[in-house]
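> Attaching a single structure in structure tokens format; questions to follow.
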Amino acid sequence: MFCVQCEQTIRTPAGNGCSYAQGMCGKTAETSDLQDLLIAALQGLSAWAVKAREYGIINHDVDNFAPRAFFSTLTNVNFDSPRIVGYAREAIALREALKAQCLSVDANAHCDNPMADLQLVSDDLGELQRQAAEFTPNKDKAAIGENILGLRLLCLYGLKGAAAYMEHAHVLGQYDNDIYAQYHKIMAWLGTWPADMNALLECAMEIGQMNFKVMSILDAGETTKYGHPTPTQVNVKATEGKCILISGHDLKDLYNLLEQTEGTGVNVYTHGEMLPAHGYPELRKFKHLVGNYGSGWQNQQVEFARFPGPIVMTSNCIIDPTVGSYDDRIWTRSIVGWPGVSHLEGDDFGPVIAQAQQMAGFPYSEIPHLITVGFGRQTLLGAADTLIDLVSREKLRHIFLVGGCDGARGERNYFTDFATSVPDDCLILTLACGKYRFNKLEFGDIEGLPRLVDAGQCNDAYSAIILAVTLAEKLGCGVNDLPLSLVLSWFEQKAIVILLTLLSLGVKNIVTGPTAPGFFTPDLLAILNEKFGLRSVTTVEEDMKQLLSA
């Protein structure tokens, strides 16, 4: 096992990465190794997808499957080894079908990629794990060095984050052939184990640029189906009655659940990154969507154990449900998996609803505590002139985007302390689950404009980018000249691709934490600092002083 993709990876003087029987996320060495094997199979599939496009062949089954299966290897998504192997087998079957399509056009069709003809050696998980050793990401570290390995992983993990957003967009009916062609090209190239530093740096920026387009179609999918988010108050306390909790990012799953629970007497609560759903008109119209429950994903083992109903996980993040003994009432959807828990294959939530009706639910309603979400792209753009006016009248000094992933590391208190230290004449724009560090606190307003503005899920960084570009255009300056600073927390691969997106767009002087990714070497950090001004957090006092004086 070698995995260094998330923030909580093991870090030692000898090197970084989880390489024992189990990773810090709870992933076993078996599952981790089989995920490496799956990625190799997906690289071979993408290699043939690139070749097929040369013949004008676009196989939508391949395009739909490839990013979804890659998503299953993201942190805290799928811990179920047999399902990972199932994805690998499906990848190979689709590859062979695509290869046959190419051969039907050109009998001499050939794909010159090391992964293009990969076959699984056995049905036995142990044998497959041994085969997977050929594809462990650091297998040639001694030959290529830490810097090249780090850049490879930056590209692989960044592309994995983009694949997750591609799947979210696909679920909502969004497809862009150019994006999929670019995805397959990059995925196939990474399967050649590239070792050119400049080419890898260029690839990282290409992934960021591609992801901006992915976030655009995802935004279009969400707003077309569910309307543009508008500011909405959400209760974060319990309401009497039977209940279901839904976590993750998939708004379509939430909509289906709300439709199927309507009139059943079962209330629905959002958790984690599902919180922004309350801002969408077509979702909040359901009166039994009663509130948001819990805090950051890392606290779920305590909070889920206390929730008096079933729980549905639609995407990341799931962690071991046996710890809180709620594994008999947690359900996984789509690419999510945990050994031994119930998995919903389709869109029928009937079994979950039936379980909710058999459980006690909340015995009484607590005194409401309301927070505000729903500052989507249209709302943010509608406030652009107000922001400019406040800046011109020196009522608004600075905007801080404080957001990103949450996690368990104690140093993440930095983001709470930073938010509460922001001066009263400054605004905090937030997104993703890092907001749970401070989103239940009171920040007041500036002439009626809330000082804490929740823009949505991690992918809604797109809205923040569009706002920044709009403000820069209106003020006749560059984005980097705005009174705007980005203070971002990271945990997994979606955060990595958001960072690459920002860097590829030329955004500079981003501050990140609580630690640097484990695959970043000192040399890579120095390169990113020199090119983009990217740096790690220090202390709240020093960072605040520097950002306000920039």
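Placement of Cβ uses the backbone N, Cα and C atoms for every residue, glycine included.
A quick note: this is a predicted structure, and the numbers were derived from the prediction, not measured.
Below, the features straight out of Swiss-Prot:
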- Cys3, Cys6, Cys18, Cys25: [2Fe-2S] cluster binding site (BINDING)
- His249, Glu273, Cys317, Cys405, Cys433, Cys458, Glu492, Lys494: hybrid [4Fe-2O-2S] cluster binding site (BINDING)
- Cys405: cysteine persulfide (MOD_RES)
> Measuring Cα to Cα, how far is Cys405 (hybrid [4Fe-2O-2S] cluster binding site) from Cys3 ([2Fe-2S] cluster binding site) in Å?
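With the alpha carbons as reference points, the distance is 19 Å.
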> Among all protein chains shown, how many Cβ atoms are found within 10 Å of the Cβ of Cys405 (hybrid [4Fe-2O-2S] cluster binding site), not counting that one?
28
> List the residues of the same chain that sit at least 6 positions away from Cys317 (hybrid [4Fe-2O-2S] cluster binding site) in sequence and have their Cβ under 8 Å from its Cβ, in sequence order, or write 'none'.
Thr75, Asn76, Val77, Ser247, Gly272, Trp297, Gln298, Gln300, Glu492
> Here are the binding-site residues: Cys25, Cys433. Which has the lowest count of other Cβ atoms within 10 Å?
Cys25
> What residue among the binding-site residues His249, Lys494 has the most other CB atoms lying within 10 A of its CB?
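For the binding-site residues His249, Lys494, the Cβ with the most other Cβ atoms within 10 Å is Lys494.
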> Counting other Cβ atoms within 10 Å, pick out the least crowded of the binding-site residues Cys3, Cys6, Cys18.
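Counting other Cβ atoms within 10 Å of each of the binding-site residues Cys3, Cys6, Cys18 gives the minimum at Cys18.
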> Inside 10 Å of the Cβ of Glu273 (hybrid [4Fe-2O-2S] cluster binding site), count up the other Cβ atoms and send me the figure.
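Looking across every protein chain shown, the total is 28.
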> List the same-chain residues at least 6 positions away in sequence whose Cβ sits under 8 Å from the Cβ of Cys458 (hybrid [4Fe-2O-2S] cluster binding site), in sequence order, or say none.
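Correct list: Glu273, Gly403, Gly404, Cys405, Leu431, Ala432, Cys433, Lys494, Ala495, Ile498.
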> Enter the number of other CB atoms within 10 angstroms of the CB of Glu492 (hybrid [4Fe-2O-2S] cluster binding site).
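Around Glu492 (hybrid [4Fe-2O-2S] cluster binding site), other Cβ atoms within 10 Å: 26.
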> Beyond His249, Glu273, Cys317, Cys405, Cys433, Cys458, Glu492, Lys494, what residues of that chain have CB atoms within 8 A of the centre of the hybrid [4Fe-2O-2S] cluster site's CB atoms?
Gly272, Trp297, Asn316, Ala432, Gln457, Phe491, Ala495
> Identify all same-chain residues not among Cys3, Cys6, Cys18, Cys25 whose C-beta atom falls within 8 angstroms of the centroid of the [2Fe-2S] cluster site's C-beta atoms; report them in sequence order.
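Neighbours within 8 Å of the Cβ centroid, excluding Cys3, Cys6, Cys18, Cys25: Val4, Gln5, Gln8, Thr9, Gly17, Gly23, Met24, Lys27, Ser32, Thr75.
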> Please report how many Å separate the Cα atom of Cys3 ([2Fe-2S] cluster binding site) from that of His249 (hybrid [4Fe-2O-2S] cluster binding site), as a whole number.
24
> At the Cα level, what's the spacing in Å between Cys18 ([2Fe-2S] cluster binding site) and His249 (hybrid [4Fe-2O-2S] cluster binding site), rounded?
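A Cα-Cα distance of 27 Å.
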> Please report the Cα separation of Cys25 ([2Fe-2S] cluster binding site) and His249 (hybrid [4Fe-2O-2S] cluster binding site) in Å, rounded to an integer.
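With distance taken Cα to Cα, His249 (hybrid [4Fe-2O-2S] cluster binding site) is 19 Å from Cys25 ([2Fe-2S] cluster binding site).
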> Can you give me the Cα-Cα distance between His249 (hybrid [4Fe-2O-2S] cluster binding site) and Cys6 ([2Fe-2S] cluster binding site) in Å, rounded to a whole number?
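The separation of the Cα atoms works out to 19 Å.
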> Where does Cys6 ([2Fe-2S] cluster binding site) sit by DSSP, helix, strand or coil?
coil
